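Novice: Copied straight from TrEMBL:
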- 7-139: domain 'CMP/dCMP-type deaminase' (DOMAIN)
- His72, Cys100, Cys103: Zn(2+) binding site (BINDING)
- Glu74: active site, proton donor (ACT_SITE)
Amino acid sequence: MSRNRIPWKQYFMMQALVISQRSTCDRALVGSVLVKGDRMVATGYNGSVSGQEHCDDVGHLMVDGHCIRTIHSEMNTLIQCAKDGISTENTEIYVTYFPCFNCAKCLVQAGVKKINYFYDYHDDPLTLRLLHDKNIGLEQVKLEKKYVQDLEDQLNLAEASNNDET
């Protein structure tokens, strides 16, 4: 019996969506996966500086309509690469939300060649122009329901199996 395997783009975006569940700021659960070829090299999610209070615990630190308590997912991913000595040159990032201007600048500077995003979130003309001027690929990745359903079926199977054991 032949089965259609999930395409790489959807696989990486599903990973970003799962990673977003670690976010410590409920204003936006954002996750990202940095990819070189068909290999994940780093991940990140939006959250507070290590060891500091989380929005989910103490509330948001708002300035000009933005929560500044957290480090954005894309930045955390790049920071992870810097800490681990991983090159970001010629990589792609899969991120659950369209990046803000500051993150887009950092992604460009880090050598990321393509940004794949799930949600359209304030796709700012300034960000779009920067990405266009720097020839950075940009693609909104849509998940095919059949692959989401396959995952749900696996979760249901695991739950049923666990219930059988009790």
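Just so it is clear, glycine is given a Cβ too, placed from its N, Cα and C backbone atoms.
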Novice: Of these binding-site residues, Cys100, Cys103, which scores lowest on Cβ atoms within 10 Å?
Specialist: Cys100
Novice: Using the centroid of the Cβ atoms of His72, Cys100, Cys103 as reference, list every other same-chain residue with Cβ within 8 Å of it (recorded Zn(2+) site), in sequence order.
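Specialist: These residues sit around the Zn(2+) site: Ser73, Glu74, Met75, Pro99, Phe101, Asn102, Ala104, Cys106.
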Novice: Helix, strand or coil for His72 (Zn(2+) binding site)? Use DSSP.
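Specialist: DSSP call for His72 (Zn(2+) binding site): coil, neither helix nor strand.
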Novice: Hey, which of the recorded positions His72, Glu74 is the loneliest by Cβ count within 10 Å?
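Specialist: Checked His72, Glu74; of these recorded positions, fewest Cβ neighbours within 10 Å: His72.
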Novice: Using DSSP and collapsing to three states, where does Cys100 (Zn(2+) binding site) fall: helix, strand or coil?
Specialist: coil
Novice: Roughly how many Å lie between the Cα atoms of Cys100 (Zn(2+) binding site) and Glu74 (active site, proton donor), rounded to a whole value?
Specialist: 10
Novice: How big is the Cα-to-Cα gap, in Å, between Glu74 (active site, proton donor) and Cys103 (Zn(2+) binding site)?
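Specialist: Between the alpha carbons of Glu74 (active site, proton donor) and Cys103 (Zn(2+) binding site) there are 6 Å.
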